[in-house]
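These notes are about the structure you will find just below.
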Amino acid sequence: MATQFSPNDMRRGQVSQSGSPRPKNHTICRNILIYGHCRYKDQGCAFNHDTNQNKGSPIQEHQQSGKKALNVESPSFTPITLQQAAKKSTFSSQAASAAPFTPRGPSANTTPNPPQAADAPVFNPSNIREFQPQTFDISNAGSPNNQSAANDSTYSIENFGMAPIAQALPPPVPFNPYATSEHSAISSHGAAYYQPQFATPLAPPQYHLYAPIGPYREDLLPYQRVTHDFFISERLRDELQKKSHATLQTMPNSPLPQLEKYHSLFPLDTSNRKNTAIFGYPSWVFKAVSSKDGKYYCLRRLEGYRLTNEKAIHAAREWKKVINANVVTFHEAFTTRVFQDSSLIFCHDYHPLAQTLYEHHFATPQPHPRGRGLGPVAIPENVLWSYISQLSNALRAIHHAKLAARCLDMTKIIITDKNRIRLAATAILDVVQFEATQPRPVADLQQEDLVQFGKLMLALASSTPQADHVNNNIQRYMDSLPMKYSASLAEAISWLISPPAPGDKTKHIDTFISNIAMHVMNSADQALRASDSLTSELTRELENGRLVRLLCKLNTITERGEYAGEVAWSENGERYPLKLFRDYVFHQVDDQGRPVLDLGHMIRCLNKLDAAAEDRITLVTRDEQSVFVVSYKDLKLLLDRSFNELLKRTKQAQNSPGTVLVPGI
Ligand SMILES: Nc1ncnc2c1ncn2[C@@H]1O[C@H](COP(=O)(O)OP(=O)(O)OP(=O)(O)O)[C@@H](O)[C@H]1O
């Protein structure tokens, strides 16, 4: 049963909207209004219980008095929940007879609203429509099935007085890390609500901070670093050092002659046999230093070659145009008699520790992976595809330069890195067979290249180094291919080997490349990944060169014996903090007096010195009697000033040999 309002409850409503107290006996008791009688009428209820005095509702009364209908004196509105509404209505009998609710909107034109005072909106509880939950899927509003719902203004979003979201929000500002952080720029969007998107001003790069670039080691705790994190990997260092050692290798008491433009010849042939199979002349390969630029080159000597036509040697010049990652760059060809004969010399780039494909795969018998003794091991298919892609790249460059390789032999293709191959003996046959091939069109020679390419791959895939063996049994080897490799590899080799139909101009290296595009992409991906890992290695060394130069500077200043007694260069003056800094960085001891060899500390200190950081450090004299508190910035200033001082004293001639350490570095 509904509880009647007690007079005490009504006290809250005793202040009119204007703020002035209103006499209670003019106000009709709400219990009368709601229940028709008031239990407290005779028990002190101060409100008016005379229903005849005011025939109208209190609302009408307010209308008459010109007051706003909805104020604190209005009958209290009790919101109902759905369940409560289902149980019982708290509305009065007036509410029951109220006109049904008609939503506003376009339909209002056809269905008139109940009459209301035009100027003053009247609060009428009967106008309150109970909330009816609706299942309306906005996302489907546009679908044909929901078209009627979408058209129904009851569900229109405008009816709820809401602007579409896109209008309510300012247009999105694209993120630009390089944008200036001026506040005006941000406030110009008029949205104080939004945080500035990139408020930090651009600062110069912090060179003393190492930015780790992947791939990363997984087995370390997140904060751990090892010494090798600051240097290139041991494997790469070893490889590069071996190459550098091979480059610098000399032969004491060498019987080899000195050429006009090249000296310090060093033989690269591992066998002493005189093989004439490829060029028709025995060939010998040397590493040599150019007298002109001091760089290392690879010289190939064709023994006993007699030049009869000057044009032949000029034919080789065309090869200078071919600059390709899979072709050893050709430089020049000349004849010489320094070997006590008439020799033809070809000069190419030198690639230290290069091996021919033959040497790599067949020269040293390899243990069989399944323990079946020694012998040639089948080359994995991905390696073969990598070779195919690289040789295609080389042939493409050569054919587009209107030349032909003519020398696709596994003893004339070198491996300079893991699976990285290059055509090594270019230009030679163009000179040596100049007269013989002169009448032949280049297109024919290029077709021959494709066939040679196919036979080379067949020999590698069948682990058969003898070219003539393969030549005589092509079909047999082709038949055995599908047992070891995919059909696509067999198809590619077969396409290369089979001669083109007469008049068929589609047999071209470009056609071949487009046929194997998928495998070329794999090779490109491998090459890019290799390049990524090299870049990562390089970044480790990035700062070290800078630190070496800093160390050189520091050591030119500290402990100079010749200036020890000089007041101008006294180590008790400006140079003293630098000397103490050197002790602080490199000669630290622990509380037991044992040396602390913390590479991280050394690198950190040197980097901060180089970056002239504001951090302060405490430098203690060796006798522990004085202490200096000094910032890296101050030390950097002292370092630069002292080094400049040294430079002034230097009588170094501008053209003196050697590398000059300049102050700016
Ligand atoms: N541009 C080069 N840079 C460095 N080394 C090279 C270069 N070209 C060839 N070599 C190396 O020189 C060596 C001899 O090469 P060569 O072409 O004579 O091979 P080979 O097996 O001796 O062939 P042949 O039996 O025809 O003489 C090989 O180990 C090869 O790797």
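Glycine residues also receive a Cβ, built from the backbone N, Cα and C atoms like all the rest.
Please treat TrEMBL annotations as automatic predictions, because they have not gone through curation.
TrEMBL names Asp349, Tyr350, His351, Pro352, Leu353, Ala354, Gln355, Thr356, Thr411, Lys412 for binding ATP. Of Arg300, Arg301, Arg306, Arg317, the residue it gives for the same site is Arg300. Note on TrEMBL: of 84-123, 204-243, 364-403, the range annotated with the feature region 'Disordered' is 84-123. In the three-state DSSP classification, Thr356 (ATP binding site) falls within a strand.
Around the Cβ of Pro352 (ATP binding site), the number of neighbouring Cβ atoms within 10 Å comes to 18. Binding residues for ATP (Arg300, Asp349, Tyr350, His351, Pro352, Leu353, Ala354, Gln355, Thr356, Thr411, Lys412) extend across at most 17 Å, taking the greatest CA-CA distance. According to DSSP, the secondary structure content of the zinc finger (23-52) in residues is 9 helix, 2 strand, 19 coil.
Long-range Cβ proximity for Lys412 (ATP binding site), meaning a same-chain Cβ under 8 A and a gap of 6 or more residues, is found for Ile278, Thr356, Leu423, Ala424, Ala425. On the 0 to 100 pLDDT scale, the zinc finger (23-52) averages 74 in the predicted structure.
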